[in-house]
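Trainee: First, the structure itself, so that you have it in front of you.
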Amino acid sequence: MKSGRFIGVMSGTSLDGVDVVLAAIDETMVAQQASLTWPIPVHLKKGILDICQGQPLTLSQLGQLDTQLGRLFAQAVNALLAQQRLQPRDIVAIGCHGQTVWHEPTGEAPHTLQIGDNNHIVAHTGITVVGDFRRRDIALGGQGAPLVPAFHHALLGHPTEKRMVLNIGGIANLSLLFPGQAVRGYDTGPGNMLMDAWIWRQCAQPYDKDAAWAKEGQVILPLLQKMLRDPYFAASAPKSTGREYFNYGWLERHLAAFPGADARDVQATLAELTAVSIAQQVLLNGGCERLMVCGGGGRNPLVMARLAALLPGIEVSTTDKAGISGDDMEALAFAWLAWRTLAGLPGNLPSVTGATEASVLGAIYPANPITQS
């Protein structure tokens, strides 16, 4: 069974950077050793957003973006290697999620698309890459997401305490870790995505630092109620979503009925949408003793305060309190999934995704043995 140092690479729906994590992994432990966040250039971020909003592009443009992202991921990995004074031969493999640009797991031809050419990562790092984790699950009738609940269970499951792990990235997803029960999990709806999109359009800021702007506004209750009537929130699990659904166009359609709304009030309402839509799902599943939050949303004091207020009797805290960096959780999960793949172990949970069976996930892009020698 493969064990040793692995690198996880994650570029999520928030587009706030490429998270790269170094970890020692074997069948008994996942020990994070180092991490960094690598910036995404503005032109690449724009290209990704255009695709996710359904903007037309040529196959040449898609191919270029695929290559450019692969090179960017390689740069991020090489920066971490240099920081830690490591050589390619010191790393067993890279687990790379890629950048999701479309996710449509239902219909006659369900599909998901992550770009960032893994061949370029191998060529520019000299390290074996495991990628393309989601499509096997979709081929088996699953949603292809979320994949992190299996990792949450491995690291944070408890024999007696009823726990939930909440990842607030661009999209928020919930893992239900209940003793004696199969792990469940699904996307609850927008996390940071709509808040980030609104402040970017209004203030040219990538995100609302410390929720300072939202705190200046007041929740527009009719707007909140209108958004919460979206059918996604009432849909049964398993379910997953992404930027192709909850995007700026979705927000504009809801705002059309509220001309002249104060921009700060809209930001406050979007923060409340994130908190309320999550809290509703926590309560729908019977609540828990501890809600452990990871992802960028764990650093949003307004969302965290609202979750605590909406969920009395539940301890709401970040995973940092349990010794696992909330910022690095997803990248760490894909390092772990790479280890699972190389060990021939399944990476999905049918109880989460709805797949017909558990399966080894991903494709392996082997490094040139000469490069790794």
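The count begins at 1 with the first shown residue.
In case you wondered, yes, glycine gets a Cβ from its N, Cα and C as well.
Okay, so Swiss-Prot annotates it like this:
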| type | residues | note |
| --- | --- | --- |
| BINDING | Gly12, Thr13, Ser14, Leu15, Asp16, Gly17, Val18, Asp19 | ATP binding site |
Trainee: Using a 10 Å cut-off on CB atoms, tell me which of the binding-site residues Asp16, Asp19 is the least crowded.
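Mentor: Ranked by other Cβ atoms within 10 Å, the binding-site residues Asp16, Asp19 bottom out at Asp16.
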Trainee: Sort out the sequence-distant neighbours of Val18 (ATP binding site) for me: same chain, 6+ apart, CB within less than 8 Å of its CB, listed by position.
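Mentor: Set apart from Val18 (ATP binding site) by at least 6 residues yet with Cβ under 8 Å, we have Val9, Met10, Ser11, Thr37, Trp38, Pro39, Ile40, Leu72, Phe73, Ala76.
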Trainee: Cβ-Cβ under 8 Å from Gly17 (ATP binding site), same chain, 6 or more residues apart: which ones?
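Mentor: Same-chain residues close to Gly17 (ATP binding site) (Cβ under 8 Å, separated by 6 or more) are Ser11, Thr37, Trp38, Pro39, Ile40.
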Trainee: In this structure, which of the binding-site residues Thr13, Ser14 has the fewest other Cβ atoms within 10 Å of its Cβ?
Mentor: Ser14
Trainee: Just counting, how many other CB atoms are there within 10 A of the CB of Leu15 (ATP binding site)?
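Mentor: Leu15 (ATP binding site) is surrounded by 24 other Cβ atoms within 10 Å.
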Trainee: What other residues of the same chain, not counting Gly12, Thr13, Ser14, Leu15, Asp16, Gly17, Val18, Asp19, have a CB atom within 8 A of the CB centroid of the ATP site?
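Mentor: Those within range, site residues removed, are Met10, Ser11, Ile40, Gly169, Gly170, Gly296.
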Trainee: Within its own chain, what residues at least 6 apart in sequence put their Cβ under 8 Å from the Cβ of Gly12 (ATP binding site), listed in sequence order?
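Mentor: Gly12 (ATP binding site) has long-range Cβ partners Asp19, His97, Gly169, Gly170, Gly295, Glu330.
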